[in-house]
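Visitor: My structure is below; once you've seen it, I'll send some questions.
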Amino acid sequence: MALRTSLITTTAPDKTSLPISICIIKFQVMNLLSITISPVGMVLNIIVLWFLGFQICRNAFSAYILNLAVADFLFLCSHSIFSFLIVCKLHYFLFYIRQLLDTVTMFAYVFGLSITTIISIECCLSIMWPIWYHCQRPRHTSAVICVLLWALSLLFPALQMEKCSVLFNTFEYSWCGIINIISGAWLVVLFVVLCGFSLILLLRISCGSQQIPVTRLNVTIALRVLLLLIFGIPFGIFWIVDKWNEENFFVRACGFSHHILYVYCINICVNATIYFLVGSIRHGKFQKMTLKLILQRAIQGTPEEEGGERGP
C-alpha cells in the first residue's frame, strides 16, 4: 500500500526542502508514537485472546470478539514493525518486506471491518427477534462466518500482492485495476451495511414500542462500532481513493494520509480498553475485580438485574 511508503524513497527539489524536512520530521514522530503505543494495544489484545480463548465459556458474540482481537493484533504487529524499520532507517530491508506488511495490514483491516459489521447485524437480530435468535440460530454459525470472513478478507490483499506487485515483477495493469475495483466495492458495501444496521439498532433501542433493556454487550458493541465509524471508515475511504490517485502521493502523504493510518492504529489500542472499561464499571463507579470477571461482564448479554451477577 503506497499509503505509508512513499516517504521512504521520494526526493524533491531544493526549493521545497524545508516543507519536505518538516514532513519527514512529522512522519518520524508519528512512527515513534506508534512504536510506543502499538505494544500496549498488542498486550491488551493478547490478554483478551487468552481469556476469551482459554478461560471464559464462549457464546456467539465472544467468538466474534476473539477473532476481532486477532485481527487487531495483526494490524498493530504489522504497523509496529513498519514503524520500527522506518525509525531505525532500515529502508533496504523494508523495501523487501513492504509488500508483505501491506498485505497483512489490509487483511487485518478488511477482516476487522467485516466482523464488526457481522456483530452489528447479529446484535440487531438478537434485539428485534430474540426468540428466533436464541432458539433457532444454528449452533456453529459464528465459527462458519469467521472462517468465511478470514478467507474472504485474505483473498483481496493476496490477489493484490500477486497481480499488483512491482517488487516481484508481477504487475498486471488490467488485473490490478479489476482487483482494486472489487476490493473497493466490497469495502463500500461493508460501510453501507454497517451504518444501516447500526442506525436500525439505535432506533430500535431508543424509539421502539417496547422498552428494551440495554446490556453491557450492547454498550461494548455500540462503542466499538462508533469508534470504527469515526476513525476506521476514513482509513478505508482514503485507501480506496489512494488506489486511483498515486501520482501526487507525496503531497497527500505529507498532508494527512499517514495521520489517518496512525489515528486508526491508536483507535485499535483504545478498542481493547473498551472491554475493561465496560466490564469494570457498575452503578457509575469502577469496581475492583479480576480480569476474567471484567471480560465476562463486558460481553454479558443480559441486563444486570436479570444476569444474576454478584459484583463487589
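Note that Cβ sites are derived from N, Cα and C of the backbone, with glycine treated the same way.
The structure displayed is predicted, hence computed values, not measured ones.
Annotations per Swiss-Prot:
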type: TOPO_DOM; residues: 1-31; note: topological domain 'Extracellular'
type: TOPO_DOM; residues: 53-67; note: topological domain 'Cytoplasmic'
type: TOPO_DOM; residues: 89-106; note: topological domain 'Extracellular'
type: TOPO_DOM; residues: 128-140; note: topological domain 'Cytoplasmic'
type: TOPO_DOM; residues: 162-180; note: topological domain 'Extracellular'
type: TOPO_DOM; residues: 202-220; note: topological domain 'Cytoplasmic'
type: TOPO_DOM; residues: 242-259; note: topological domain 'Extracellular'
type: TOPO_DOM; residues: 281-312; note: topological domain 'Cytoplasmic'
type: TRANSMEM; residues: 32-52; note: transmembrane segment
type: TRANSMEM; residues: 68-88; note: transmembrane segment
type: TRANSMEM; residues: 107-127; note: transmembrane segment
type: TRANSMEM; residues: 141-161; note: transmembrane segment
type: TRANSMEM; residues: 181-201; note: transmembrane segment
type: TRANSMEM; residues: 221-241; note: transmembrane segment
type: TRANSMEM; residues: 260-280; note: transmembrane segment
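Walk me through the surroundings of each of these features.
Guide: Packing against the topological domain 'Cytoplasmic' (53-67) from elsewhere in the chain are residues 111, 115, 118-119, 122-123, 137, 141-143, 145-146, 149-150, 217, 221, 275, 292, 295-296, 299, 301: each is 6 or more residues past its ends and has a CB under 8 Å from a CB in it.
Mean per-residue pLDDT, taken over the topological domain 'Cytoplasmic' (128-140), amounts to 84.
Beyond the transmembrane segment (68-88), the same-chain residues lying 6 or more positions past its ends with a Cβ under 8 Å from any Cβ of the stretch are 4, 8, 27-28, 30-32, 34-35, 38-39, 41-42, 45-46, 48-49, 52, 94, 97-98, 101, 104-105, 107-109, 111-112, 115-116, 119, 261, 265, 268-269, 271-272.
Packing against the transmembrane segment (141-161) from elsewhere in the chain are residues 60-61, 63-64, 67, 99-100, 102-104, 106-107, 110-111, 114-115, 118, 176, 179-180, 182-183, 186: each is 6 or more residues past its ends and has a CB under 8 Å from a CB in it.
Only residues 6 or more beyond the boundaries of the transmembrane segment (181-201), in the same chain, are considered here, and those with a CB under 8 A from a CB of the stretch are 110, 113-114, 116-117, 120-121, 123-124, 127, 156, 160, 222, 225, 228-229, 233, 236-237, 239-240, 243.
Same-chain residues lying 6 or more positions outside the transmembrane segment (221-241) and placing a CB less than 8 Å from one of its CB atoms are 1, 3, 61, 106, 109, 112-113, 116, 119-120, 123, 184, 187-188, 191, 194-195, 198, 201-202, 257, 260-261, 263-264, 266-267, 270-271, 274, 278.
Residues 3-4, 30, 33-34, 37-38, 40-41, 44-45, 47-48, 65, 69, 72, 75-76, 79, 109, 112, 216, 219-220, 223-224, 227-228, 230-232, 234-235, 238, 286-287, 289, 291, 293-299 of the same chain lie 6 or more positions beyond the ends of the transmembrane segment (260-280) yet place their CB under 8 Å from a CB of it.
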Visitor: Give me the DSSP three-state residue breakdown of the topological domain 'Extracellular' (89-106), ordered helix, strand, coil.
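Guide: The composition, in the requested order, is 16 helix, 0 strand, 2 coil.
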Visitor: Take the topological domain 'Cytoplasmic' (128-140) and find every residue of the same chain, 6 or more past its ends, with a Cβ under 8 Å from one of its Cβ atoms.
Guide: 60, 122, 204
